[in-house]
Amino acid sequence: MAKDSTLRQRFKPPLLKDNFSDYSKVKSHDSKFDEPPLPTSYLLALLGLLFAVLITVIIIEKQLPPGIKIAEEHKYPDRFISERAYNLLKNLTALGPRVAGSYANEVLAVNLLKREIKTIIANAKENNVIQLDVQMASGAFNLAFLDGMTNVYRNMQNIIVRVGSRINSPNSLLLNCHFDTVSQSPGGSDDGAGCAVMMEMLRVLSQSEKILRHNIIFLFNGGEENFMPASHGFITQHKWAKEVRAFINIEACGAGGRELLFQAGPNHPWILETYSEEVPYPYASSLAQEIFQSGLIPGDTDFRIFRDFGNVSGLDFAWSSNGYVYHTRFDTIDQIPLGTLQRTGDNILALARGMAMGHQLNDVERYRPGNLVFFDFLGAFVVRWPMHIADFVNISSVILSFYSIYENMKKAYSTDAISNGQYVKKVGASIVAIFITGLAAILVSFAISFCLNALGRTMSWYARPFWVFFLYVVPVTLVLFAAMFFYARNYHRDLKSSPWVKFRLLYDAYLSIWSFMLIIGIIFRIRSSFLLLFWTLFPAVGSLIMKFVGNWTALKLFLYYVIVMGLPFVQSIYLMIGALYLCFPIMGRAGAAYNSEYLIALLITYFYSVLISYLVPLIILVKSVERVFSLLLGAFLLSIAVLILTPLGFPYSGDPASPAPQRFMMAHVKRTFHDISGDVTGRETGYWIADMDINSPYSVERYVPEVKAARLVDEDCVKYLYCGLPYLVPVQNFIFKTHWIPGPPVTIKETSSLTLVKREKISHGERVTVSITGPFHMGIMVSPVLGVTLERWSLVNEKPLAAAPLWNGRFTYFIYYCYAGDSVPLVFSMDFQVPGNHSGAIMDFGIISHYQFEQVSPVFDNMIKRFPPWTAMTYWTSTVETWIF
């Protein structure tokens with residue numbers, strides 16, 4: 001002991017003014033060299049508790065209220081009756097896919113909804129004034145979505161109902177859904193369920209004795225899936241649009257489950273306040289809003305249209321769980337329990353009533369300023385506060401955090417003779433070690449992903465999410481624990497002190513990282529910084545609590561983690577589960593250009609590293625670390641064996657009760673290319689497959705032998721405008737890895753044609769006027785040659801919106817054109833600025849014709865039928881024709 005004591009004295013600081021502690025308070029005796037005090041079972045119990053919380057949150061997340069049946073209606077006056085909504089949805093989905101322009105959408109669905117509305121109006125109470133209008137809208141607008149496009153539409157139908165009272169208010173709340181679908185999908189959730197909910201809300205309001213203070217407008221729009229033209233037609237042209245002061249949009253990117261409030265605003269915090277006060281089953285997060293608006297989620301809703309073109313604020317709701325069925329044949333009524341309709345109906349009805357009865361609609365500009373930080377806690381209630389309150393709380397938490405670190409530094413000085421400078425240096429080194437360890441965890445996860453790709457076992461987690469636990473969570477835990485254990489044992493070897501000091505150093509390092517991240521959130525006004533707040537505030541408070549606890553035992557430490565870290569754990573897991581419910585299915589439609597195995601590995605590694613950040617330092621206190629490492633390694637190796645040797649690793653499922661299909665987007669295509677003189681230089685027919693995930697298309701070659709002949713499309717993207725492929729919309733940034741299979745001629749009766757109406761000289765260039773006829777859905781591409789600029793066109797008053805990426809260094813402009821009813825030619829002019837010394841062609845021009853609801857050729861139909869039941873097909877016939885002018 002004498003030798004040890006002499007060595008310890010070397011680390012005791014002299015009496016200097018820059019020490020933060022009074023030397024008189026330093027203990028005169030040396031700290032004991034304690035053995036690690038934490039039994040292995042306690043650490044395993046904490047990890048087990050974490051897993052139990054995960055299971056509990058999943059169970060809570062799936063809870064739905066009981067659906068009210070029509071037979072029980074007398075018990076629930078003035079209530080939403082989910083069985084009625086269900087019956088309407090059943091009739092609507094029985095019509096099959098309802099693509100804009102099709103008979104099913106423009107006639108059958110419209111007539112069904114109108115009949116239902118007229119019945120409601122006929123039975124309405126006299127105190128309610130209800131009006132019905134059917135709008136046929138035409139227009140055009142620039143849409144900065146995906147690669148960017150100009151959306152042109154003709155004769156889009158809207159069914160609009162306004163519910164008011166004798167008050168005759170000039171202000172209205174708008175509720176919106178869409179009844180059209182993508183091809184091959186019956187649209188049970190997207191968005192038939194939204195329309196069914198709105199229809200039952202309309203019935204409840206029509207029967208209510210309560211006098212509405214403001215009107216409620218119900219918009220059943222007939223064209224959302226072809227990029228929101230119908231909602232644009234309403235908000236920019238309809239006679240009632242000018243009285244809309246706020247809106248509620250009901251959407252879906254999944255089926256069943258709870259509706260998520262994932263967008264709110266812009267500004268107008270009163271709307272969210274009303275939501276918080278009125279809805280019985282909240283589910284909302286500003287984190288979800290920032291993720292969606294970042295562009296990481298490949299989708300958009302009518303929320304954008306009302307916000308950008310109507311200058312109106314509102315709320316955007318979507319069913320987000322079970323995203324596997326989104327835009328597939330599996331999106332049926334069977335995926336939607338009564339409880340889902342009941343929950344959404346109760347929530348939206350209460351919210352609509354609260355907004356329509358409130359005073360804010362009288363003068364919304366008065367209540368415009370401000371934004372709220374908001375999130376719900378396990379669906380029980382909504383926590384929200386204004387940004388200035390968030391700033392105060394966040395800044396206070398950062399100050400408290402650094403104060404707790406200062407107190408730990410003082411304690412290390414007084415009990416273990418570690419100088420302040422040495423403590424700061426050690427914390428700084430620990431921060432570096434944490435980042436290096438995190439990088440090591442990512443590299444290990446990537447190595448696992450690489451091996452899975454090499455073994456042909458990718459996306460095993462797609463249909464069975466539990467695989468991410470064994471493939472990534474377990475090894476990440478092992479890496480984080482092992483790396484930190486060996487770091488602390490070697491780098492802190494000079495500290496002749498108890499393991500508690502090394503534990504506090506790592507604890508403070510994690511707290512410092514979270515504090516600095518929270519500072520960044522404060523600077524950049526990130527509303528989702530509330531998550532950073534949890535991992536700063538609670539550990540800081542807990543660190544200060546440690547100061548007042550006497551001798552720490554294993555049980556006390558266990559209880560400390562349960563009590564202090566409980567809320568951050570629970571809320572983080574709750575948010576993580578919601579994010580993963582969204583992300584796993586998206587990997588099945590995110591395209592093959594980005595390897596989804598690597599993306600999920602990175603996502604899980606990041607999420608889980610965040611979740612156990614404060615658990616990692618405990619490995620220093622564990623008595624038998626070898627036991628922990630052996631258990632984790634054994635679990636990982638066993639899971640790899642099961643994955644490789646059993647069918648449990650197959651990534652897809654065609655079970656109608658729990659589908660997780662592999663998606664295929666496929667077109668039977670005729671391609672025709674013209675040179676500058678108009679002569680045909682190339683003609684080809686075949687099948688184009690847009691790869692929706694990394695296993696496409698060879699996963700089905702056993703069933704569809706034609707796939708063996710598939711070749712990657714890459715050279716065509718250099719030779720032909722927009723690759724000469726029938727993209728529905730410009731999504732090369734999203735899906736650019738595609739395949740081509742040579743095939744038989746298309747049998748569709750082609751209806752598209754291009755007429756060059758006029759080509760004339762104008763100031764500084766040329767004006768080209770064209771007339772295009774074709775099927776209900778078309779894409780038009782324009783790409784000026786280098787040196788020539790498209791200055792304007794007659795489609796919109798704004799400057800033409802160029803798509804990204806550039807094509808061969810040239811700008812490309814994409815027009816999406818859709819109409820309903822009789823064929824409507826698209827006639828427009830383009831003004832090009834042409835240099836005086838320019839000669840030759842000024843642009844490449846292309847037309848893509850999509851026959852989305854016409855019968856495909858027998859050969860193509862036979863090929864489609866051979867795809868296995870665990871796949872979901874989106875297919876159509878298309879023609880591509882390009883010219884040089």
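Cβ from N, Cα, C; glycine included.
The transmembrane segment annotation in TrEMBL covers 42-60, 389-406, 427-455, 467-488, 509-526, 532-550, 557-587, 599-621, 628-650. The domain 'Peptidase M28' annotation in TrEMBL covers 158-351. Annotation comment: TrEMBL describes 425-638 as domain 'Endoplasmic reticulum metallopeptidase 1/1-A TM'. If you look up TrEMBL, you'll see 659-883 marked as domain 'Endoplasmic reticulum metallopeptidase 1-like C-terminal'.
Sequence-distant residue pairs (6 or more apart) of the transmembrane segment (599-621) and the transmembrane segment (467-488) include at least 3 whose Cβ atoms are under 8 Å, placing the two stretches in contact. Sequence-distant neighbours of the transmembrane segment (42-60) (same chain, 6+ residues past either end, Cβ-Cβ under 8 Å): 378-379, 477, 554-555, 557-558, 561-562, 569-570, 573-574, 577, 611-612, 615, 618-619, 622, 628, 631.
Sequence-distant contacts of the transmembrane segment (427-455) (same chain, at least 6 residues past either end, Cβ-Cβ under 8 Å): 405, 471-472, 475-476, 479-480, 483-484, 487, 491, 505-506, 508-510, 512-513, 595, 597-598, 601-602, 604-605, 609, 644, 694. Among the stretches 467-488, 509-526, 532-550, 557-587, the one making the largest number of Cβ pairs under 8 Å with the transmembrane segment (389-406) is 532-550.
Within its own chain, the transmembrane segment (509-526) is flanked in space by residues 290, 387, 391, 394-395, 397-398, 401-402, 404-405, 427-428, 430-431, 433-434, 532-533, 535-536, 539-540, 543, 613-614, 616-617, which lie at least six positions past its ends and keep a Cβ under 8 Å from the stretch.
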